[in-house]
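Accompanying notes for the structure given below.
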Amino acid sequence: MNALAATNRNFKLASRLLGLDSKLEKSLLIPFREIKVECTIPKDDGTLASFIGFRVQHDNARGPMKGGIRYHPEVEPDEVNALAQLMTWKTAVAKIPYGGAKGGIGCDPSELSISELERLTRVFTQKIHDLIGIHTDVPAPDMGTGPQTMAWMLDEYSKFHGHSPAVVTGKPIDLGGSLGRDAATGRGVLFATEALLNEHGKSISGQRFVIQGFGNVGSWAAKLINEKGGKIVAVSDVTGAIKNKNGIDISGLLEHTEENRGIKGFDGADSIDSDSVLVDDCDILIPAALGGVINRDNANEIKAKFIIEGANHPTDPEADEILKKKGVVILPDIYANSGGVTVSYFEWVQNIQGFMWEEEKVNKELQNYMTRGFKDLKDMCKTHSCDLRMGAFTLGVNRVARATVIRGWGS
């Protein structure tokens, strides 16, 4: 089941639990706007290259639409649609005043020079600048993009609309980016894990963790969990996988990945097969890379008691059912990895106010939002006698449905 089908399925299950009528259900599911643009740029060698750019704006009942821009060869409409819809529910679960959007360009950023990426970003921004805006749709970085991409977008947008730092988030600090934004998704994973373990009478200290994916989210989660006394016993990334049952030296691994662009070759742990990392013996598994990695083929072999979804849609619905029968507790992505969009909201607020916060305030506010979000999620689980994933979906869908009806759009 692809990401869009799985997201639609979860939405419909939540809709049924909430008793939404079919007309409202349909209006919540259909995207507000889908944009597809051709982006042609001159390459460094003088030849022309064309790329397809997408932006799906899913819902704006609760506020401006919000979501990342990814540069990846496999960016396609269904995936962008699913991720835009997930952002609608995620921002509602986090209780921040946004709707959902997602975008991207079908390209391989590793095959483009810095100047080619800049030209591509500027052309894409020129094509969509009238459809995004501070109070309309606020892009952010995603896979294959980063602060520099947002700086180019901000600069190009500002040529048309005047200096507008709040039009994108995830910017460099020097252009109005927020302190704490780089670590935000990983720190949110830490706070989400603490909230879940506290519910079960446990703490992070002494728990054994496996982290699949050691990019921004996985590496920050590993660093922060390690500082709280958690033991990281296995880690993987695109270059390979490593294991040390006594606990990996995370500060040493972070230095190694900085120098070698990956975990491969780290001498403080044994090299293992990348596919085996998900089924390694641990207490808590954190998938923090791509979607669909936990599926019917490996779900039965997973030994973790808790799964914290740092990635978007890492668990297939079939795997969900298998793991539920095994008694594995899954903390769903639309809550667990919402730290990034929450601090993006803080950045947007700071830009609009023209008043920047200290990092300590950013982190404290994030902890408040994540802790309150878990309580709200658990309340929905009790109300509807459902698991955490359905608790999160009913929470998010209910908030968007209420805003839609109150605005007079649902009749």
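Placement of Cβ uses the backbone N, Cα and C atoms for every residue, glycine included.
Features reported for this protein in TrEMBL:
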BINDING   LYS66, LYS90, SER344  substrate binding site
ACT_SITE  LYS102  active site, proton donor
SITE      ASP142  site 'Important for catalysis'
BINDING   THR185, ASN216  NAD(+) binding site
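If you take the CA of ASP142 (site 'Important for catalysis') and look 10 A around it, the recorded positions you hit from LYS66, LYS90, LYS102, THR185, SER344 are LYS102. In this view, the residue listed as 'active site, proton donor' is surrounded by 31 other Cβ atoms within 10 Å of its Cβ, with every protein chain counted. Sequence-ordered, the extra residues of this chain that approach the substrate site, with Cβ no more than 8 Å from the Cβ center of LYS66, LYS90, SER344, are GLY67, MET87, THR91, ALA94, ILE96, TYR98, GLY100, ALA140, SER338, GLY340, VAL341, THR342, TYR345. Comparing C-alpha positions, LYS102 (active site, proton donor) sits nearest to LYS66 among the binding-site residues LYS66, LYS90, THR185, ASN216, SER344. Rounded to a whole number, the C-alpha distance linking THR185 (NAD(+) binding site) with LYS90 (substrate binding site) is 13 angstrom.
Ranked by how many other Cβ atoms sit within 10 Å of their Cβ, the binding-site residues ASN216, SER344 place ASN216 at the bottom. You'll find the Cα of LYS66 (substrate binding site) roughly 20 Å from the Cα of ASN216 (NAD(+) binding site).
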